[in-house]
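What follows is one structure encoded as structure tokens, with my remarks underneath.
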Amino acid sequence: MIYLIGPMASGKSTVGRSLATALSTSFADSDAAVVAHHGTIPEIFAAHGEQHFRDLEVQALSRLRTGVVATGGGAVLREENQQLLSRGTVVYLELSPQGAAERIKADSNRPLLAGDEALTVWASVYEKRRPIYEMLADVHVKVDGKSVLQIVEEILPQLNQL
Ligand SMILES: Nc1ncnc2c1ncn2[C@@H]1O[C@H](COP(=O)(O)OP(=O)(O)OP(=O)(O)O)[C@@H](O)[C@H]1O
Ligand SMILES: O=C(O)C1=C[C@@H](O)[C@@H](O)[C@H](O)C1
Ligand SMILES: [Mg+2]
């Protein structure tokens, strides 16, 4: 199992799909798995709160057992998920605030980034999580200024060296 971790908009879903294709394996996304069963992420946050979403995220991740899995940006917060990820190979995508600014402007699907303070929130959420991403990472790639294909080509040789 290969898990993609990193802050919101770092490209876990996009790079994960492309990495799975390169490795001729399956791709799954824990956010998409939650949404498929429980409705959109903004709806879940609004109706039941973030901790309920985290419970659903733990359930979804525990059910994904093959191939490449893109996690949600906050999945690493839960101890159960940290243990699960540690049993697989973890790829951490690092993104700068400048890179994030370009990506999150027009996106309304991340409840934690709703509103004018989106980038400030993104950065403060990231700083709290950065030590966990670094602790879990087997492979660490800085994604700024790189195409999805370039990122995949950077990940592949590092996976082979593990
Ligand atoms: N290397 C890249 N270059 C340019 N744009 C990218 C790149 N990777 C991803 N993107 C774009 O950035 C946005 C965020 O990507 P993506 O949804 O894959 O991030 P994510 O890490 O899965 O975010 P989340 O934590 O919210 O699930 C998308 O619009 C995607 O098309
Ligand atoms: O970083 C986060 O806490 C989140 C990231 C997204 O992938 C979603 O899982 C959700 O919007 C929460
Ligand atoms: Mg995603």
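Quick reminder: no glycine exception, Cβ is built from N, Cα and C everywhere.
Bear in mind that TrEMBL entries carry predicted annotations, made automatically and left uncurated.
Of all Cβ atoms in the shown protein chains, 19 besides its own fall within 10 Å of the Cβ of ARG110 (ATP binding site). In the three-state DSSP assignment, the secondary structure recorded for ARG110 (ATP binding site) is coil. What TrEMBL lists as ATP binding site is ALA9, SER10, GLY11, LYS12, SER13, THR14, ARG110.
Classification of SER13 (ATP binding site) by DSSP places it within a helix. Annotated Mg(2+) binding site per TrEMBL: SER13, in sequence order.
Residues annotated as substrate binding site in TrEMBL: ASP31, ARG54, GLY73, ARG129. ASP31 (substrate binding site) falls within a helical segment according to DSSP. Taking Cβ-Cβ distances under 8 Å and a sequence gap of 6 or more within the same chain, the neighbours of ASP31 (substrate binding site) are SER13, ILE41, GLU57, ALA70, GLY72.
When the CA atoms are compared, the binding-site residues lying within 10 A of LYS12 (ATP binding site) are GLY73, out of the candidates ARG54, GLY73, ARG129. Put simply, GLY73 is the one of the binding-site residues ARG54, GLY73, ARG129 whose Cα lies nearest to the Cα of GLY11 (ATP binding site). In this view, the densest Cβ surroundings among the binding-site residues LYS12, ARG54, ARG129 belong to LYS12, judged by other Cβ atoms lying within 10 Å. Proximity to ligand 3 (Cβ under 6 Å from any of its atoms) holds for these binding-site residues out of GLY11, LYS12, ARG54: LYS12. In this structure, ASP31, GLY73 are the binding-site residues from ALA9, ASP31, GLY73 whose C-beta falls under 6 Å of some atom of ligand 2.
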